[in-house]
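According to Swiss-Prot, the features are:
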type	residues	note
DISULFID	CYS37-CYS201	disulfide bond
DISULFID	CYS120-CYS205	disulfide bond
CARBOHYD	ASN34	N-linked glycosylation site
CARBOHYD	ASN210	N-linked glycosylation site
TOPO_DOM	1-47	topological domain 'Extracellular'
TOPO_DOM	69-83	topological domain 'Cytoplasmic'
TOPO_DOM	105-121	topological domain 'Extracellular'
TOPO_DOM	144-166	topological domain 'Cytoplasmic'
TOPO_DOM	188-212	topological domain 'Extracellular'
TOPO_DOM	234-274	topological domain 'Cytoplasmic'
TOPO_DOM	296-309	topological domain 'Extracellular'
TOPO_DOM	334-358	topological domain 'Cytoplasmic'
TRANSMEM	48-68	transmembrane segment
TRANSMEM	84-104	transmembrane segment
TRANSMEM	122-143	transmembrane segment
TRANSMEM	167-187	transmembrane segment
TRANSMEM	213-233	transmembrane segment
TRANSMEM	275-295	transmembrane segment
TRANSMEM	310-333	transmembrane segment
Amino acid sequence: MDKLVDNFLSGQSRTMSEDLLSASSPQLCYENLNGSCIRSPYSPGPRLILYAVFGFGAVLAVCGNLLVMTSILHFRQLHSPANFLVASLACADFLVGLTVMPFSTVRSVEGCWYFGDTYCKFHSCFEGSFCYSSIFHLCFISVDRYIAVSDPLIYPTRFTASVSGKCITFSWLLSIIYSFSLLYTGANEAGLEDLVSALTCVGGCQIAVNQSWVFINFLLFLVPTLVMMTVYSKIFLIAKQQAQNIEKMSKQTTRASESYKDRVAKRERKAAKTLGIAVAAFLLSWLPYFIDSIIDAFLGFITPTYVYEILVWIAYYNSAMNPLIYAFFYPWFRKAIKLIVTGKILRQNSSVTNLFPE
């Protein structure tokens, strides 16, 4: 344990500023308090850049996901079980931008935690809750897309509003109960008492997680990931087969006679493709962080602080990516944004506006 503590502390001493950017001599987070954490502040230039980059991510996550939620909840055309899942996912990303990223920005740039011990624990709970809630939502969305693509005509009777509500409830309750229970019972610190003692200082917010719980955390990420990869592989095969069938039929009939089933299948495949990109973005953003967590827990916290900070912020930035993906691939979302931004959403009967091209 002593070696593990030494390894961790030596890793923490190689701060992001010392590795990447020149910084002034170390200072204390609280100059007039005994037991204050040490900080190595950035010079003004890099400090301003980091605040701009991290702050932009937080603003984009809040505003972008607020637009997604407003669009889906306001416009009646978007009131579907699948879209309610998307809105709930946007809510998780919105809360990351509101309750996690702004405070992490200050911690990452200043090297200190100025928001109290109570919110330090809440901050960590929010971080875990919203991450797992996102991956559970994406897992259910992938299953929804599989049903829609494999049999689009009976899909409305299988994935109903009730089923969507149960998926949303499960995603939120399990994530919140797990994250808060783990951190508030102190189970994550079992066997790491010496490390926790070494980390404790005024102005710090380091949450230690032992090997057992790091492994469980990784499984909670890995299992839904494998489910999504399997489901989207099947969706890809079905979509490929449907495209081949449509191509064969097009040689025998004119495009004008395209069946209703084919049109529905084409629309569902496009939706599956867009949401598949969102899933891929989530996995690419969070997988490096979880792999690093496993490596750190079993090799004595060897990751330099600047590497950890980079991985954390790549993961955080995922919360800002989905609105950009929707805006790029969904014409209806671009139209909804225009109506919201211009204030036309406040007009009477705006909720029945047609968002889909003829």
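Including glycine, each Cβ sits where the backbone N, Cα and C put it.
Recorded features from Swiss-Prot, shown on the structure.
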{"residue": "ASN34", "record": "N-linked glycosylation site", "Cβ within 10 Å": "8"}
{"residue": "CYS37", "record": "disulfide bond", "Cβ within 10 Å": "20"}
{"residue": "CYS120", "record": "disulfide bond", "Cβ within 10 Å": "17"}
{"residue": "CYS201", "record": "disulfide bond", "Cβ within 10 Å": "18"}
{"residue": "CYS205", "record": "disulfide bond", "Cβ within 10 Å": "20"}
{"residue": "ASN210", "record": "N-linked glycosylation site", "Cβ within 10 Å": "15"}
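Separating the Cα atoms of CYS120 (disulfide bond) and CYS201 (disulfide bond) is a whole-number distance of 13 Å. Tertiary neighbourhood of the transmembrane segment (122-143): same-chain residues 82, 85-86, 88-89, 92-93, 95-96, 99-100, 103-104, 115, 167-168, 170-172, 174-176, 178-180, 182-184, 205, 207, 217, 220-221, 224-225, 227-228, 231-232, 235, 275-276, 278-279, 282, 286, 315, 318-319, selected by CB-CB distance under 8 Å and a gap of 6+ residues from either end. The average pLDDT computed over the topological domain 'Extracellular' (188-212) stands at 87.
Among the recorded positions CYS201, CYS205, ASN210, the ones whose Cα sits within 10 Å of the Cα of ASN34 (N-linked glycosylation site) are CYS201. Cα of ASN210 (N-linked glycosylation site) to Cα of CYS201 (disulfide bond): a span of 20 Å. Counting residues 6+ beyond its ends, the topological domain 'Cytoplasmic' (69-83) has Cβ neighbours under 8 Å at 90-91, 94, 141, 144-145, 148, 159-161, 163-164, 271, 332-333, 336-337, 340, 345, 350-356 in the same chain.
When the topological domain 'Extracellular' (296-309) is classified with DSSP, helix, strand and coil residues number 9 helix, 0 strand, 5 coil. The two recorded residues, CYS37 (disulfide bond) and CYS205 (disulfide bond), have Cα atoms 10 Å apart.
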